[in-house]
Each structure stands twice: as C-alpha cells, then as structure tokens.
Amino acid sequence: MPFHPVTAALMYRGIYTVPNLLSEQRPVDIPEDELEEIREAFKVFDRDGNGFISKQELGTAMRSLGYMPNEVELEVIIQRLDMDGDGQVDFEEFVTLLGPKLSTSGIPEKFHGTDFDTVFWKCDMQKLTVDELKRLLYDTFCEHLSMKDIENIIMTEEESHLGTAEECPVDVETCSNQQIRQTCVRKSLICAFAIAFIISVMLIAANQVLRSGMK
C-alpha cells in the first residue's frame with residue numbers, strides 16, 4: 001500500500017474538535033463502505049500487514065508523509081491510540097478513536113455523495129486525459145487540495161496498481177469504464193484526506209502532552 005503525500009491544508013476543518021476526539025474512546029457505528037475506506041487508511045500505516053501498527057511503522061509512515069516525529073512524540077502518540085496497553089494499535093482501536101472523524105460526516109462534502117459524483121459527469125470520461133483530470137479535480141477541490149496533492153495522489157495510485165489488474169486502476173488513459181474510474185479516484189481522495197487528518201490528530205495529541213509535561 002503506497003503512502004499519500006498530502007499537505008496540512010487538508011486538516012484545518014477538523015482540528016478544532018481534536019480535544020474532544022482524543023478524550024472520547026467509545027464504539028462507533030460506521031457504515032460498511034466507510035469502514036472499508038478507513039481500513040485502507042489503516043493499511044497505509046500497517047506496512048507488514050499483520051493487523052497492527054507498531055511504533056516503528058507509525059514513524060516510517062509519518063516520515064514518508066513529510067513529518068519528523070522524535071521518539072518521545074511517537075511514544076506519546078502510540079499511548080494515545082493503544083487502548084489495551086499492548087504497545088501497538090489494532091484496527092478496532094484505530095476505528096474507535098478516529099472513526100467518527102474519518103467517516104463521511106468528518107470529510108468535506110465535496111469528497112462524497114452527489115457533489116462529488118457530479119464532477120465526473122461534466123465531461124466525457126472516456127476521452128479525459130490525465131492533465132484534464134488533474135484540472136477538473138483541482139477546480140473542484142482547490143479549497144482542500146493543491147495541484148501538487150492531486151498529482152501525487154494520481155501518480156501514487158498509478159504506481160500502486162501496476163501489474164495488479166484486479167485492483168481499481170487510476171490510469172485514466174487506459175481505463176475503459178467510467179464508473180470504475182470515478183470510484184477509484186474518489187477512493188484515493190478520501191484516503192488522502194483521512195490520512196492527513198490522522199497525522200494531524202496524532203501530532204496535536206503529542207504536542208499537547210509534551211507541553212503539559214513542560215509546565
């Protein structure tokens with residue numbers, strides 16, 4: 001599973017809820033389709049695919065996204081996410097803490113539902129080039145994504161699906177089905193937003209604890 005380079009611009013809408021999010025550790029009721037999208041975000045961190053996020057995997061993922069946490073910050077973040085105290089984070093812990101903000105209720109409206117789907121009916125998707133797709137996505141999501149973000153998402157998804165025909169491709173030059181293309185790009189964007197929010201929550205949690213310890 002590739003890493004998605006995204007910027008802090010994706011995070012701002014949810015940051016004011018972080019203190020409440022960190023203090024509430026209760027079961028969440030998330031639709032199955034949204035749960036699968038959150039599972040994709042979890043896999044970005046779970047590099048060895050064993051179903052757990054270790055401190056080392058967390059550090060690797062964050063550094064790949066441009067963040068440079070030190071060992072103390074990583075330890076604080078893991079402690080925040082690790083509810084059963086086993087030193088690692090499983091998917092249930094991941095969903096319980098972060099699920100409410102990673103479901104559609106916590107993602108900008110343009111990333112899901114009718115608003116998003118409408119974007120893909122403005123033109124002939126069968127004839128859309130990669131550059132045209134980039135421009136279309138930027139015009140629609142410029143409040144949340146830079147052109148560089150969009151290019152990184154498309155490039156990363158193309159690389160991740162090379163030689164994997166059963167997976168949903170983002171290669172818009174060769175993809176022959178409009179619905180597949182639409183679903184795949186939407187999935188990539190939601191995953192990118194989710195990962196950005198996860199990183200923001202983790203860093204804010206670590207900084208809050210570190211500041212408290214300095215007082």
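For all residues, glycine too, the Cβ spot is worked out from N, Cα and C.
Pulled from Swiss-Prot, these are the features on record:
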type: TOPO_DOM; residues: 1-188; note: topological domain 'Cytoplasmic'
type: DOMAIN; residues: 33-68; note: domain 'EF-hand 1'
type: BINDING; residues: Asp46, Asp48, Asn50, Glu57; note: Ca(2+) 1 binding site
type: DOMAIN; residues: 69-104; note: domain 'EF-hand 2'
type: BINDING; residues: Asp82, Asp84, Asp86, Gln88, Glu93; note: Ca(2+) 2 binding site
type: TRANSMEM; residues: 189-209; note: transmembrane segment
Inset, instruction - Could you measure between Asp84 (Ca(2+) 2 binding site) and Glu57 (Ca(2+) 1 binding site) for me? Cα positions, answer in whole angstrom. - result: 18
Legend entry - Densest Cβ neighbourhood among Asn50, Gln88 (binding-site residues), 10 Å radius: Gln88
Legend entry - Residues in the domain 'EF-hand 2' (69-104) grouped by DSSP into helix, strand and remaining coil: 24 helix, 2 strand, 10 coil
Legend entry - Most crowded position, judged by CB atoms within 10 A, among Asp46, Asp48, Glu57, Glu93 as binding-site residues: Asp46
Inset, instruction - Could you round the CA separation between Glu93 (Ca(2+) 2 binding site) and Asp48 (Ca(2+) 1 binding site) to a whole angstrom and send it over? - result: 18
Inset, instruction - Among the binding-site residues Asp82, Asp84, Asp86, point out the residue whose Cβ has the most other Cβ atoms within 10 Å, with all shown protein chains included in the count. - result: Asp82
Legend entry - pLDDT averaged over every residue in the domain 'EF-hand 1' (33-68): 81
Inset, instruction - Out of the binding-site residues Asp82, Asp86, Gln88, give me the one sitting nearest to Asn50 (Ca(2+) 1 binding site) by CA distance. - result: Gln88
Inset, instruction - Work out how many Å separate Asp86 (Ca(2+) 2 binding site) and Asp48 (Ca(2+) 1 binding site) at their Cα atoms, rounded off. - result: 18
